[in-house]
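Enquirer: What TrEMBL records for this protein is below:
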- B:26-52: transmembrane segment (TRANSMEM)
- B:72-105: transmembrane segment (TRANSMEM)
- B:80-299: domain 'ABC transmembrane type-1' (DOMAIN)
- B:125-145: transmembrane segment (TRANSMEM)
- B:151-174: transmembrane segment (TRANSMEM)
- B:195-217: transmembrane segment (TRANSMEM)
- B:223-240: transmembrane segment (TRANSMEM)
- B:252-270: transmembrane segment (TRANSMEM)
- B:282-302: transmembrane segment (TRANSMEM)
Amino acid sequence: MVTTSTPIKAESRDLNFYYNGGHKALKGITMPLYEKKITALIGPSGCGKSTFLRCFNRMHDLYPGNRYDGQIIMHPDNTNVLANGVDPIEVRMRISMVFQKPNPFPKSIYENVAYGLRVRGENNKRVVDDKVEEALKGAALWDEVKNRLHDLAFNLSGGQQQRLCIARALATDPEIMLFDEPTSALDPIATANIEELMSELRNKLTILVVTHNMQQAARVSDYTAYMYLGELIEYGDTRSEEHTSELQSQDVIPRPTRKETEDYITGKFG
Amino acid sequence: MSNQASVLDNLEEVRAMIRRHKFNDYVFSIIGLIALMIGLLTLLTLFVDLVMDGYPRFTFEFLSEYPSRRAAHAGLLSAWIGSLLVMIVTFLSAVPMGVAAGLYLEEYAPKNWFSDLIEINVTNLAGVPSIVYGLLALGLFVYILDLGQSILTAGLTLGLLILPVVIVATREAVRGIPVAIREAAYAVGATKWQVVLHHVLHYSFGGILTGVIIGMARALGETAPLITIGALTFIAFLPPSPITDTPPFLNFEWLSSGFTVMPIQMFNWLSRPDHAFHMNAAATGALIIVVTLLMNGTAIWLRYRIRKNIKW
């Protein structure tokens with residue numbers, strides 16, 4: 001089903017995750033992320049898709065008592081990002097993230113985008129200027145903000161703020177970008193903008209996106225994974241057999257082989 | 001038809017019930033207003049009384065004269081300078097330590113029973129009577145560390161007194177920063193210290209400042225611990241000036257100088273039988289209240305100014 005010619009950028013191998021207190025939120029997830037492709041994670045609330053996403057940039061390390069068991073290997077260097085010897089900060093410099101609700105810093109538009117560079121010690125104004133412009137262009141926000149780069153980020157609309165957050169994540173040239181339900185707080189027009197942007201970003205980097213919206217998964221993703229109760233139920237090529245499906249919702253996983261998946265994507269539960 | 005009539009009867013009952021319930025609203029708003037007024041009016045009366053008693057003393061000379069045996073010539077000079085210098089030491093000792101401690105507890109310390117214990121103790125420390133701090137300071141600063149009955153001792157004592165206030169204010173200000181903002185910073189690869197320096201400290205600045213100013217206002221009016229460590233009550237000299245006209249332009253002799261502060265001067269005047277001195281005491285009291293109100297007002301204004309650009 002999956003073409004073997006596409007290189008793998010990262011893969012989780014038998015990944016288990018335990019929250020503080022011992023709750024096992026992920027159960028033996030093994031799944032690839034193909035390079036410069038968009039992989040969507042779908043599934044009902046509480047199924048562990050956000051938990052899985054946040055393993056990739058070690059966000060769980062911020063809170064005490066969480067425990068990973070298993071591997072997430074990044075290619076081509078074969079680094080296991082979950083290994084004890086790998087600093088989460090190094091991981092986050094390679095894998096950036098866009099959150100569910102736009103969360104710009106209460107700083108200027110410019111400083112928001114520049115922050116990742118500042119953290120890396122880049123203080124050369126020309127370099128930062130260029131990077132900020134490039135990232136804002138990459139996030140399709142440049143034309144709207146180029147005359148007010150030093151305005152407060154909070155003065156932007158919700159959709160613009162989310163694109164600003166994408167620019168912030170883009171400015172440091174990440175290899176993988178994680179999107180945690182990036183459009184759930186946005187209106188349909190802003191959502192369409194973000195989805196279009198994601199499709200363009202695919203030319204540069206590998207994307208993993210959590211979404212509640214089946215149509216969104218169908219529209220933007222190349223591969224789709226369906227999770228339920230912490231397990232990966234099904235994984236497949238989103239568009240491989242598009243021509244055979246009648247309903248759009250069935251585009252997600254065109255011929256769900258498991259009944260759970262079929263029930264979910266056809267709206268019988270979720 | 002009879003059905004409709006019963007609805008109408010019922011409507012009357014419902015209206016009566018709403019009126020009854022609303023009466024309770026009315027009663028409580030009256031009780032609340034009375035409670036508020038008792039507190040506010042008492043304070044206002046006190047303040048007006050002080051102002052009326054001390055009114056003849058509201059002159060420039062009152063601030064530029066040393067204390068004197070003659071009430072009409074007695075002034076606050078040594079007391080307000082003493083208060084100012086003590087406040088400087090208090091600020092410099094309590095704020096860096098309190099903010100650092102608060103940041104550590106909130107951002108760095110592992111959360112377990114031990115940090116809970118520390119948290120409870122810090123909160124309790126804020127409620128320890130100030131005289132206890134005076135005794136502690138007498139033992140520690142005056143006798144063990146041999147700092148003398150000096151401005152330095154007084155400043156450190158009051159610093160210790162407001163340290164818990166600063167710690168608690170810092171923690172609360174830091175806790176107000178949304179998780180989403182922290183995660184955003186961590187997600188681009190910031191270290192803990194970068195998050196603290198670029199974000200946490202920056203966004204909690206208004207709240208910390210408010211806590212610091214309120215703590216300082218409290219320290220300004222403290223009398224008991226300073227009497228315990230041996231503040232003088234009658235000084236007709238000033239400590240050596242902290243700023244000199246020859247390099248290095250700074251002089252630290254003032255730290256070891258004897259001192260008095262405004263509330264102690266006030267207490268001294270009040271304890272004299274001559275009524276004329278009571279006028280001085282009233283004027284000092286009014287001045288302390290005004291300065292305290294100004295400090296608290298500044299805190300509110302600063303917080304408003306700083307928070308204006310930060311919305312979560």
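Placement of Cβ uses the backbone N, Cα and C atoms for every residue, glycine included.
Predicted automatically and left uncurated, TrEMBL annotations should be read as such.
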Enquirer: Are there residues at least 6 beyond the ends of the transmembrane segment (B:125-145) whose Cβ is under 8 Å from a Cβ of it, and what are they?
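Expert: The answer is 152-153, 156-157, 160-161, 163-165, 168, 222, 224-230.
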Enquirer: Which sequence-distant residues neighbour the transmembrane segment (B:72-105)? Criterion: at least 6 residues beyond either end, Cβ under 8 Å.
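Expert: Distal contacts: 61-66, 115, 118-119, 122, 151-152, 154-156, 158-160, 162-171, 174, 196, 200-201, 208, 212, 215-216, 219-220, 226, 235-239, 242, 254-255, 259-262, 264-265, 269, 276-277, 280, 284, 287.
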Enquirer: Check the transmembrane segment (B:252-270) against each of B:26-52, B:195-217, B:282-302 and return whichever range has the most CB pairs under 8 Å.
Expert: B:282-302
Enquirer: Take the transmembrane segment (B:151-174) and find every residue of the same chain, 6 or more past its ends, with a Cβ under 8 Å from one of its Cβ atoms.
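Expert: 82, 85-95, 97-99, 101-103, 105-107, 122-123, 125-126, 130, 133-134, 136-137, 141-142, 200, 204-208, 210-212, 214-216, 218-219, 222, 225-226, 229, 231, 239, 254-257, 259, 261.
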Enquirer: Which residues, given as numbers and ranges, are at least 6 beyond the ends of the transmembrane segment (B:26-52) yet have a Cβ under 8 Å from it?
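Expert: Same-chain contacts beyond the ends: 282-283, 285-286, 289.
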Enquirer: What residues in the same chain, six or more past the boundaries of the transmembrane segment (B:223-240), come closer than 8 Å to it by Cβ-Cβ distance?
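Expert: Contacts of the transmembrane segment (B:223-240) (Cβ under 8 Å, skipping residues fewer than 6 from its ends): 66-68, 77-79, 81-82, 85-86, 129-131, 133-135, 137-138, 141-142, 149, 151, 153-154, 157-158, 161, 251, 253-254, 257-261, 263-265, 267-268.
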